[in-house]
Amino acid sequence: MHILQVITGATLVSVPFVSAIPSSTSEFLPSTAEQNSAVLHSQGRSPPRLWTRLRDSIIETIWRVPSRQHNPSRIPSSLSIPRAPSSIRARYGDDVVLRFTIRSQNDVQALIEASNILFLDIWASTNEWVDIRLAKDVVSSLLGLLPSSLRTAHVPIIHDLAQAVYESYPQPVSSVPNPHHAFSPSVQQSSETQNIFFQDYQPLSVIIPWMRLLASMFSTHVRLVNLGTSYEGREIVGFRIGVRPANADLPTERRKAIVITGGSHAREWIGVSTVNYVAYSLITGYGKSRAITKLVEEFDWVLIPTMNPDGYVYTWETDRLWRKNRQENNLQFCPGVDLDRTWGYEWDGSDSRSNPCSEDFAGDGPFGGRESKVIAQWALNETNHHNVTFVGFLDLHSYSQQILYPYSYSCTNIPPTLENLEELAIGIAKAIRLTDHEHYDVSSACEGSVSSHKKRRGAALRSMQSAGGSALDWFYHDLHVRYAYQLKLRDKGGYGFLLPKKNIVPTGKEVYNAVLVFGQFLLGRGAQDIDWEGDFQFPAHSRPNVPEKEYRGPDEEYEISNQLEDDDNENDTLLGFRTQKV
């Protein structure tokens with residue numbers, strides 16, 4: 001067992017076995033569940049076959065899933081981090097990140113105009129603050145362009161960006177897995193301290209072989225799909241997790257699918273790790289958890305960790321804070337487009353978005369980004385030719401801890417399913433809060449983040465980062481996905497895009513719990529006969545009571561304001577919202 005750990009650890013570092021990923025597959029996942037006798041169809045558990053036991057033993061040994069019974073541990077390091085080397089200092093100079101407090105739409109507009117003039121990098125914005133990266137010697141120029149109300153309304157949140165960037169890269173590990181650790185019989189009860197893969201951020205050269213290995217070991221319900229190739233020729237790879245139940249109706253029925261994406265913006269590493277965490281939890285939970293087994297039978301889950309593989313590789317090899325993809329533009333020295341501004345619905349190439357040097361350059365036209373175009377083509381092909389109906393979409397970004405629903409391009413056009421979108425978003429926020437007491441705000445993507453109570457008191461400020469051409473709007477409007485969200489993950493600005501690795505597992509747990517709520521909501525009445533409580537990765541003291549009587553049928557009236565009022569009550573039920581059969 002110890003030898004296997006050493007070999008696997010070396011593999012994760014050197015990745016000597018990288019080979020071409022199997023060519024694109026559009027076939028459905030297995031049409032029945034007969035290949036996997038471990039599937040649970042009752043509260044009891046069938047004894048696993050020899051291969052299942054062997055496979056799970058290997059998986060437990062290599063990548064141990066964090067325990068859902070303990071609070072997320074913060075992995076200590078006995079190594080002191082040295083000063084950033086000259087190469088990083090040369091790239092980031094004396095850059096800092098400032099947070100401006102905004103109080104009116106005039107403040108928002110002033111910051112937008114000043115940032116456009118100086119070509120500044122807006123990191124994040126909410127209804128209350130805006131984070132901007134700039135060089136120290138540009139601060140005075142920025143303040144000179146702002147009204148007096150903003151000249152003193154700012155504080156530095158990152159004083160030394162170069163050092164922060166250096167510290168965000170993986171450092172030498174201070175310990176190795178304990179070979180004498182007593183392995184638990186369940187993958188889902190393992191210790192997070194043994195979870196090699198999720199102890200740190202991983203480069204693409206490690207992620208792809210890891211995905212290939214999981215797909216080969218769990219072939220009964222997992223496949224790799226190649227959605228297309230990036231501008232630089234890398235394959236855009238995703239997991240497809242799903243299997244039709246043995247008692248399913250005709251295989252010609254349309255298969256419902258849910259898409260979870262990350263890495264559209266290259267520097268948002270936490271989104272990539274979180275998609276992988278959720279995928280791993282679904283893969284290893286099938287056949288062990290009734291809830292996960294039900295979700296995998298009812299839906300195909302397509303999880304794409306890196307929508308922007310070229311940009312992601314570039315953040316590891318050259319510029320940690322690169323945002324766009326890597327395709328060439330009219331200006332050779334300003335490559336790349338913002339992929340989340342290039343989707344076809346309400347594409348907007350005006351103002352700074354028409355400047356190739358802008359961080360949110362929208363390209364020369366709708367689907368001007370190579371990666372967004374091939375993913376859209378894949379989705380349309382699945383819908384038109386492979387009998388798939390997409391019913392859910394979660395696009396993971398960072399940072400600012402927000403749950404955003406359509407539309408991004410406009411605050412005046414209201415989505416027709418607004419009440420349902422808000423209702424599910426609030427349930428997701430509650431699941432996240434119960435995980436580790438982190439508060440995620442809920443709002444329309446066109447607005448800044450606004451708490452539920454503030455939203456009811458008056459109109460929210462328009463977000464500095466709202467725009468047309470977003471994946472969120474395209475999936476919701478053009479692909480008719482009824483439940484589409486963008487989740488902006490941790491944190492609220494202490495680290496921004498440079499979130500320390502100790503947050504990987506806690507953030508993964510938060511989104512995994514959110515996905516369970518998401519799937520449960522979409523199951524409708526089919527969720528009633530399952531005990532969901534045991535599958536949430538909550539600390540023991542945060543586990544909610546879920547009495548059956550709290551279920552609200554689809555015909556029952558539900559006042560969203562009641563849910564908003566109850567959202568601050570730590571003891572209220574998680575499932576106290578109306579589920580929807582899709």
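Each Cβ is built from the backbone N, Cα and C atoms, and glycine gets one as well.
Among Arg244, Arg323, Arg326, only Arg323 appears in Swiss-Prot as part of the substrate site alongside His265, Ala266, Arg267, Glu268, Asp340, Arg341, Ser398, Tyr399.
Of the listed cysteines Cys334, Cys411, Swiss-Prot assigns the disulfide bond with Cys357 to Cys334. The region 'Disordered' annotation in Swiss-Prot falls on one of the ranges 55-76, 561-582, namely 561-582.
Cα of Asn387 (N-linked glycosylation site) to Cα of His397 (Zn(2+) binding site): a distance of 29 Å. Packing around Arg323 (substrate binding site) is summarised by its Cβ count: 24 other Cβ atoms lie within 10 angstroms of its Cβ, all protein chains included. Other than His265, Glu268, His397, the residues of this chain whose Cβ falls within 8 Å of the Cβ centroid of the Zn(2+) site are, in sequence order, Gly262, Gly263, Ser264, Ala266, Arg267, Gly271, Arg323, Asp340, Leu396, Ser398, Lys488, Phe497. A separation of roughly 22 Å, to the nearest angstrom, links the Cα atoms of Asn381 (N-linked glycosylation site) and Arg341 (substrate binding site).
Within 10 Å of Tyr399 (substrate binding site), as judged by C-alpha distances, the recorded positions found are Glu268; the full candidate list was Glu268, Cys334, Cys357.
The separation of Cys334 (disulfide bond) from Arg267 (substrate binding site), Cα to Cα, is 17 Å.
Spatially, by CA atoms, the binding-site residues Glu268, Arg323, Arg341, His397 include one closest to Cys334 (disulfide bond), and that is Arg323.
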